[in-house]
Each structure stands twice: as structure tokens, then as C-alpha cells.
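Below is one structure; the comments refer to it alone.
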């Protein structure tokens, strides 16, 4: 019994070996006519193996396969000549089989490598080339195809990138993104479309080859059956991939629910809308944009029209001493020698483009620009401006009370000629700033040299430096300043403001930016946008400015400095404390009547109640 079993096993092995040699001989015969046939077949089998999660064994080299001595081969019809086979291939106009280009080889290999990544994860072109190079089926002929496609200008990675771009351009089979690594451009494959990527495989060529084999009677029935199964599986892969990618009903429900939740989250609530409206400028924005071209003539010349745009323009001031060949004045509006400067200066141009007699209809009246205010709320809400002309170094800060916001623009000693006096570093350190604040913010303007000194002063006064605001300076024509009056080595086109915090103040966070782009004006005058920013950050609190001038006085602010006009106090308690400390100093205005003060308080209360009801 055991003898019969061994004989059956040996007989089966012999039949398998004979069948294997028969198949290899037929493959070798076809390979001699169509060089790319075996590699295309291996690629298709590798794709099927990856989808079925089965190991893949490549076809061994077809070098010395002799025809097996089997009755099955003897029954085969006579093999036609090579000339007849080539003639039949030419008749069948198949570009894939007529000419195998290096691009088609690289496209097939890259497509197989991308399809074998289950699930798909992002991969870059260099990593993709390494995976192809380390594959056991990678032959020297394949490497030669990569080198031929890349040419002398690049390596195999360039060939991979050429194939990826070809896939993306032809049918959008891959989603690509370029990035740079060490100065070299690389491609990242973000996602793939398996249905479209399968079209890069030579399935059509295999199908036509099978038809030609049937006509030429090459191969036995088993091989034709295998080819038919491969083609059928390849055609069904698209349907399977589409079915896998299709979302289920539960996934669709989750997607719709998430979409509705996102819409609800992004919609501002009534409270958020009210808070946003609170910080809008009362009466609407008063801003009028400037045109990119300075004059109306330049604007008309660019547009080819007789009428310039509605934006603000300038007109050149040409005096008797002006030399147009010198160009624009570096300082423009801030020039200190306007009467003798030979450069060109500018002023705003309010004149209409055409006289009224030439216009069919009267032009719309220009909206009058109100005086620009830094505050976003009314004077009644803020209160009246107050100031004290004093020497801040020895002034009694304790009589002023506590403030929520402090802004200071000290006259730092920057070792340059300035039109005002400066303070020594030790005098800055010993200022009695801590008496003005327990909980709040301080905004300290510093120069380049005083940057670290300002941080030291903040720490000495009890503050923690948390932010830094940058003011980018522009000139009258809204261009970046290139010839500033400050700077030892380079012209300074910006200034810095250190922001310190003390205690636990109640402030509005993340409602403003740390960069301000604004036009320069008088010496040491800071942009008015600072006052609006501080009012938004800490609304309704008392605010004081140190080292102020008359142009710095604002509603709701207390200003201290030695260049102010006398003393103006409207707060009764503050007037009393100041009179007690400095009885010989005259205070303006005359002591306001209690009725006027009560009217001011009642108006503020009424506006507060109205806004609360809204």
C-alpha cells in the first residue's frame, strides 16, 4: 500500500515538473519575440498577489529552457516563423506592444509599487526609488530604463518624478506636492486613485497578446485560461476599488452630522456678535484708501481714462526754488526746511478731474473726513482729557491714584542731537512708576540702544514683559521710510514698544496684532492707532501717558509731561488732591459746577444702560 502511495506521489511530481517546463518553454518562445511580455505578466501577477494578500514568486530567468520531451508539446501545431509573428504584430496596431519605451516601463513599476501600499501612506520620490531598487524583481534592464528616462541631467529619482508627473497630468491618478530638501526639489505622493492608477498597467497589452497567441496557436489551453483569469480579475479590480471607497450609510450619517455641528460652531452667537459690535468704530470707518500712484496724472496714464480713481491722490508742490531733477524729498511732509528745500514735495489733491461744465451730471459730494480719533467710542463714554505740566522725575505720583493702562515714551539718551532734553539711565530706573498701578498693563516705547534697558526698567518696576509691538513707519506717500533720522549704522524704519503686565488685570486678549503700519508725523509723535488698541484691550479703565505733549492729549487719558500747557483737571477728587499737594499751581478750567458734572455722569450712565438693553 505504501509503495503505491509513493509511486503516485512521484508520478504527480513528474507531471508537475513536465508541465512547468512546458510553460517555461512557451514563455521563453514568446519572450524572444516580445521582450516585455514576461515583465508585464509579473507586474500583473504582483498586483493580484498584493490585493489577495498572497506571496509573489517572480518568473525565473528564461535563459536555457529546452523543449521538454512530452506528448503535450508534440501535439502542438507547428510554430510559425519569427518573420510571420512580427508581421502579425505590425498588423495589430497596438502602441504598447509595438514599442516599449522607458517611460512605459517606469510607469508600470511605479504604479505597482504605489498599488502595493495597503493602506496607502504618503511617500516621497526618493523613498519610492529606494523601494523599487531593493525589490527582488528589479533587474538591470529595469535600471537601464530608469537611467535612460532620466538622462544625463539627473539620477533614477528624476525618472520616478517624471513618471509621477506623467500620471498626474494624464488622468490625475496621483495627488502630488513639491517640497525642498537640502536645496533639492522633491515630490511627495499625497494620495492615489487606484482605479485610474490601474490603467497605467499593461493590462490592455496582455489582453491583445492573448488574442494574438490564440490566432498563432501559441501555448496550450491551460496558459490561455490563466491569461483570461488574470484579465478578468484586473477588470474587476476597478469595481472592487470603487466599492471599497464608497461610503456606507453610517459613514454618510456621521459626515452629515459633523458638517452640521461645524456649521453651528462657526456661526457666531448673539453674545459674540454683540461683543464684536462693541469694538466697531462709532459712526463707521473714516478711512479713505490711498491710490498706488501718487498723482492723478499717473493714475489716468495707467488706466488710459480721463478720470482718475476715487482713492486719495497727491499733487506736486513746485516752488520757484524746486529742482524737479532731484526727485522727491526724502522727508516729504516732515521736512524741516520746506521753504528752501529744492526737492519735490506733495500735498493732498482735492480738485475734481473735470470741470463741472464738461461733466454731464454734477459729481457726488465728497464725504467730509472727520478729525481722526483714536478711540472707538464717544467722548461721553471716555470722559474729558486731563493733563499736568510737571517734571516726572520728582512729581508726586501717589496723588493721581491707580490706572489700568500706562503708556510712556521716555526721552532715552541715544547719544545724538535731539530737539528735546534726555534722561539718564539711572533716572529712568528710579522713576516712581510702581505708584501708578497695582493691576494693569504698561506700554513702554524704546529705541535700539535702550531695548535691554527698557526690559530692565520693567522688571525693576514690578512688571513681566509679555509682548513687543512694532511700528513700521511710512512716509506721506504711504511708502516704507528709507531715510530716517535715527540709527547709527542703518536708517531705522521701525520702532519698538515693550508690553508689560502687573498683577491680574481684566483685559481682552487676542483682538489686535503686534504690528502697526502708520505714517510718521512730528518728532517723537507715536501713531494714534495705539490709543484705540489700548482702549480695546482694557476698555473703561483709567489711563495715563508719561512724557506726553499737547498732541497726545486724548479723551479719557491723563497726560503728564514738561511740554504741556499748564494743568487741566476735571475730576473733583483729583483736583482736590492736586490742590492740597501743589497749592500755588493754577488749575484749569475753573472749578466745574456740580450740575455740569452730574449731567456728564448721567449721560454716560444713560448710554451704558442703552447699550446693555441692546
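Every residue gets a Cβ built from N, Cα and C, even glycine.
What Swiss-Prot lists as region 'Disordered' is 59-78 (among others).
Summarising the annotation, Swiss-Prot assigns compositional bias 'Low complexity' to 67-78.
Sequence-distant contacts of residue 562 (S-adenosyl-L-methionine binding site), defined by Cβ-Cβ distance under 8 angstroms and a gap of at least six in the same chain, are 389, 390, 391, 392. Annotated S-adenosyl-L-methionine binding site per Swiss-Prot: 391, 392, 409, 526, 549, 550, 551, 552, 562, 563, in sequence order.
Mean pLDDT for the region 'Positively charged region required for RNA-binding' (479-492) in this predicted model: 73. Per Swiss-Prot, region 'Positively charged region required for RNA-binding' is recorded for 479-492, and the stated evidence type is similarity to another entry.
Swiss-Prot lists 589-614 (among others) with the feature region 'Disordered'.
Look at Swiss-Prot and you will find 604-614 tagged as compositional bias 'Polar residues'.
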Site with most surrounding Cβ atoms, counting all protein chains shown within 10 Å, from the binding-site residues 391, 409: 409
Spatial neighbours, same chain, of residue 549 (S-adenosyl-L-methionine binding site) - Cβ under 8 Å, 6+ residues apart: 524, 525, 561, 563, 564
Cβ atoms near residue 551 (S-adenosyl-L-methionine binding site) (within 10 Å, other residues, all chains): 13
